[in-house]
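TrEMBL annotations:
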DOMAIN    270-363  domain 'Transglutaminase-like'
ACT_SITE  Cys278  active site
ACT_SITE  His337  active site
ACT_SITE  Asp360  active site
BINDING   Asn400, Asp402, Glu448, Glu453  Ca(2+) binding site
REGION    468-498  region 'Disordered'
Amino acid sequence: MEQGLEVALTDLQSSQNNVRHHTDEISSDRLLVRRGQSFNITLYFRNQGFQPDLDNIIFVVETGPLPDLSNGTRALFSLTGRHGPSPWIASLETNGASSLEVSLCAPPVAPVGRYLLKVHIDSFQRSVTAYQLGEFILLFNPWCPDDSVYLDSEPQRQEYVVNDYGFIYQGNKNWIRPCPWNYGQFEENIIDICLELLDKSLNFQIDPATDCALRGSPVYLSRVVCAMINSNDDNGVLNGNWSENYLDGVNPAEWTGSVAILKQWHAAGCQPVRYGQCWVFAAIMCTVMRCLGIPTRVITNFDSGHDTDGNLIIDEYYDSTGRILENKKKDSVWNFHVWNECWMARKDLPPGYGGWQVLDATPQETSNGLYCCGPASVRAIKEGEVELNYDTAFAFSMVNADCMSWLVYGGKEQKIHRDTNTVGNFISTKSIQSDERDDITENYKYIEGSPQERQVFLKALQKLKAGRSEDPHQADSQYSTPEPRSGDGLRGLHTPSLRPSDVVQVSLKFQLLDPPHMGQDICFVLLALNMSLQFKDLKVNLSAQSLLHDGSPLPPFWQDTAFITLSPEEAKTHSCRIPYSQYSQYLSTDKLIHISALGEEKSSPEKILVDKIITLAYPGIIINVLGAAVVNQPLSIQVLFSNPLSEHVEDCVLTMEGSGLFKKQQRVLIGVLKPQHRASITLKTVPFKSGQRQIQANLRSNKFKDIKGYKNVYVDLML
């Protein structure tokens with residue numbers, strides 16, 4: 001029998017294919033392609049050229065440990081079409097004397113992952129030969145109209161798939177600050193770590209064949225990734241920690257990027273990294289999803305509800321001093337909470353619920369037995385369709401639960417007020433191709449207090465209550481017309497004896513006198529206003545305590561009592577000062593101080609509660625780029641920072657990173673900084689990628705953990 005075609009060499013054309021498939025940022029010498037889009041390879045033959053009438057070339061692609069034709073993890077497809085129909089396509093590009101250029105295309109529903117490419121050559125009356133041509137990685141394709149993650153806007157694709165840096169919004173609704181973050185989804189080895197993450201999931205460990213077959217579904221894959229970002233069920237990427245004790249790991253506030261975390265997880269044999277909180281979980285998820293090709297953005301919700309019993313009521317408890325108490329039911333309003341939105345079609349839902357989907361990797365509640373949340377359609381959340389998959393009811397409560405305040409005294413609980421506006425404010429994400437903040441609250445709910453918003457709330461509540469037994473508080477917690485509020489967005493809380501038609505006679509309001517900066521005294525006034533025609537004698541108990549960003553209170557460190565007599569229609573102020581020396585040792589990493597005042601009239605059972613959350617600000621790090629940034633040319637970077645405190649700080653460490661600018665995170669040991677001392681250092685680096693880049697920096701010490709700074713840098717290919 002004559003010898004058939006022999007493949008001497010294969011050129012996967014990685015560099016050219018990767019450019020066309022928007023994966024050249026990941027690699028130029030490994031083939032990474034997107035489904036639903038063709039890529040070219042060239043076969044070089046040893047003995048003769050390809051003869052279409054005599055030679056039948058059959059390509060074989062396989063993914064996963066148990067590739068199978070029936071579940072789509074193995075495919076055979078012929079260049080001539082003689083092997084029968086296949087969703088994979090091979091077509092002839094050019095046929096040379098001893099070479100053959102072929103175009104291959106994966107179907108837009110193919111499972112993503114690492115593939116092996118083989119070829120069988122069956123020549124007429126000659127021997128059948130088989131060759132292994134190489135490996136390639138297949139990714140989702142938001143540029144392909146037939147892919148379920150297709151996004152029809154190029155600026156959005158550039159922002160939500162290609163951009164490797166961004167901002168995560170923190171602080172509180174009255175002081176929103178951008179935290180710079182290096183997503184780094186195209187950095188060295190990140191794609192391999194993302195695929196390793198899929199293989200470490202419980203789904204893969206239990207049934208690898210089915211898991212690999214389902215990796216073509218962004219709905220399925222996003223749930224797998226979501227569960228793997230936290231470590232509650234498995235050896236996921238991050239351990240969560242809200243205890244303020246981080247001695248055996250890294251304080252979550254110190255991280256500035258995903259790359260160091262993912263590489264540490266991989267290097268430690270896939271043991272969870274210590275520690276993360278919500279914004280770190282969301283940032284890691286954003287990196288993984290963008291790397292795999294699913295458009296993803298990071299979302300911050302200020303005053304985010306955590307409703308543990310599913311009644312759309314967040315219960316908060318106060319004592320007679322105005323101090324917020326620990327919630328035994330674990331309901332809470334997080335100062336801010338961060339999750340992801342991923343873009344995908346939802347063929348598993350009724351029409352109209354595709355597009356942006358909420359995914360929350362922070363381990364809060366289980367979903368089908370695992371700590372993950374979503375994907376929940378953003379439109380379903382807005383319309384109150386809380387029965388739709390997945391976890392839409394929990395996502396709804398994060399943005400649109402009502403807040404019930406209770407006064408605890410003498411072993412009893414007295415309902416003071418129900419606030420329909422507290423939860424879900426200034427829902428934020430980075431704007432497209434801009435450093436500005438984009439407010440997307442209207443995507444999640446109708447305007448607070450509007451008839452539509454209340455109708456949706458009632459619809460959601462009705463769906464949740466169907467078939468559910470009553471909660472002990474629920475009889476008192478049914479929806480009614482909102483009671484009047486005092487102040488300017490601060491809660492004014494009143495006894496249930498007040499009907500909606502009653503006029504609020506006294507209001508309380510906090511007002512800061514100066515911006516709250518770390519290291520300085522906090523100065524504010526309590527404004528009391530008598531709106532009635534009678535004299536009012538008030539006793540007001542004031543309290544201050546630190547909060548964790550998930551709403552958990554720490555013990556009070558400052559209390560005061562004010563006696564205020566008000567003439568008819570009179571306003572008075574009570575001045576307050578909390579010295580730095582008094583609050584400094586009680587601060588949490590989040591630098592949140594909750595001040596509250598509980599007022600009561602001597603001759604009336606009426607009680608008024610007002611509160612305010614203060615976030616203390618640091619001066620930022622200033623970064624200056626000295627000269628033009630050019631690929632493969634040395635670049636000097638000046639970093640200016642200061643100790644904002646009037647005391648020595650020790651163990652100062654500056655970290656810097658930036659995809660395309662630094663090969664790895666830079667750590668500079670600063671040591672001791674004197675009180676109010678300003679310092680400057682200059683670093684050198686060699687940029688290795690062109691285009692828009694960002695430097696992220698963090699300064700930590702024994703007194704503070706997260707003084708941040710960033711600088712955008714455009715890197716040219718040549719001078």
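Just so it is clear, glycine is given a Cβ too, placed from its N, Cα and C backbone atoms.
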C-alpha spacing of Cys278 (active site) relative to Glu453 (Ca(2+) binding site), in angstrom: 27
C-beta crowding around Asn400 (Ca(2+) binding site), within 10 angstroms: 23
Count of other CB atoms lying within 10 Å of the CB belonging to Glu453 (Ca(2+) binding site): 18
Integer Å distance between the CA atoms belonging to His337 (active site) and Cys278 (active site): 6
Cβ-based isolation winner (fewest other Cβ atoms within 10 Å) among the recorded positions Asp360, Asp402, Glu448: Glu448
C-alpha spacing of His337 (active site) relative to Asp360 (active site), in angstrom: 10
Ca(2+) site shell beyond Asn400, Asp402, Glu448, Glu453, criterion: Cβ within 8 Å of Cβ centroid: Ala401, Thr420, Asn421, Val423, Gly424, Lys445, Gly449, Arg454, Phe457
Neighbouring C-beta atoms (10 Å sphere around the C-beta of His337 (active site)): 28
Minimum Cα separation from His337 (active site), reported as the residue among binding-site residues Asn400, Asp402, Glu448 that achieves it: Asn400
DSSP-derived helix, strand and coil totals, residue by residue, for the domain 'Transglutaminase-like' (270-363): 15 helix, 40 strand, 39 coil
Other CB atoms within 10 A, centred on Cys278 (active site): 27
Mean of pLDDT values spanning the domain 'Transglutaminase-like' (270-363): 94
